[in-house]
Amino acid sequence: MSSAFDFEPQPRRASVAVDVGGVIVGGGAPVVVQSMTNTDTADIDATVAQVAALHKAGSELVRITVDRDESAAAVPKIRERLLRLGLDVPLVGDFHYIGHKLLADHPACAEALAKYRINPGNVGFKDKKDKQFAEIVEMAIRYDKPVRIGVNWGSLDQELLTRLMDANKANGFPLTAQQVTRETIVQSALLSAELAEELGLPRNRIILSAKVSGVQDLIAVYAMLSARSDHALHLGLTEAGMGTKGIVASSASLGILMQQGIGDTIRISLTPEPGGDRTREVQVAQELLQVMGFRQFIPVVAACPGCGRTTSTVFQELAQKIQEDIRSSMPVWREKYPGVEALKVAVMGCIVNGPGESKHADIGISLPGTGEMPAAPVFIDGHKAMTLRGPKIAEDFQLLVADYIEKRFGHGQAAAE
């Protein structure tokens, strides 16, 4: 019979720490949130604006595409512009096909980037593969940059896959095609890391990833990879999709892996809707880490889902307003109110669970449900503090939340202590 302890998060897998532009990935450091731009990197204004938005939203590393000379030439200018804005965000260069040439031809780009991403599936083909891989590794060594060896099943090393499929056939097909593909992904990452180390790249300058688009495949591949390597691991479900589907698929797969102690940095690869906000993927990554109890980024707003007792939309509107105010205020609050990330606010819709949930929050309100008296008890630090009445209950509660934050986390409180 399983005990309750069997369902606790497993200890973090031991991994080698990698310094990426001052951000530590692996080695027991908090799981790092990263993202990627979708601008043309050669468009310096657009790329700077998006990197800034992603970083301000909470992305600790930002990856940019470096696919041609114009993009490579823009990288140091992007880095310089960001620094002038006071944004020292590590930039990761995403290279495919000609990364070796771009790094060699643009030394300022090689210097400005905090990390290089190499895809073993398209770094080169046949006789050129190992040579071009080696050239990128040599550039990483020269500029003392870490490398992410990022395998993706959409661009998997076909020579390795064919070799393993043929071996499986010779052995009488003990493995399914899906299992052989998973093994190919893992071997591609491990063999590439082994080659990089043989070329002189230190172990603490290598991060591995092995991305697929199927939830069960991703869980299996990373379980295999984590058992056979102590390299820091970058988690991400590739081509997760749009909207709810992408969020659910990424959260399910990454959540299971992190519960098992696997993963040192994550990216939520959402397909944005036309004109959509690219920072959404950062918010989802932060929410995932926070709801699982691994990190705290922003105060939590607990709110009931509503039912027949809550035909009024007042509690929904108040919960939304509080959540929006908190998120928009966090860039300032992080500096002004240290520790505010731990705050919990409850906005409940009726008497059934409202008072109880509000008592569990730092500050909470139980709004009147259908047929209830037009009064809303407010609980602060587990005790009923007052009852709000009248047409401005929502506005009054917002002022109470602001006052609570100032008193608990402001400089006045720090001085009193």
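Using N, Cα and C of the backbone, Cβ positions are placed for all residues, glycine too.
Among the features that Swiss-Prot reports, [4Fe-4S] cluster binding site is placed at Cys304, Cys307, Cys350, Glu357.
Recorded features from Swiss-Prot, shown on the structure.
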| residue | record | CB count, 10 Å |
| --- | --- | --- |
| Cys304 | [4Fe-4S] cluster binding site | 22 |
| Cys307 | [4Fe-4S] cluster binding site | 12 |
| Cys350 | [4Fe-4S] cluster binding site | 22 |
| Glu357 | [4Fe-4S] cluster binding site | 19 |
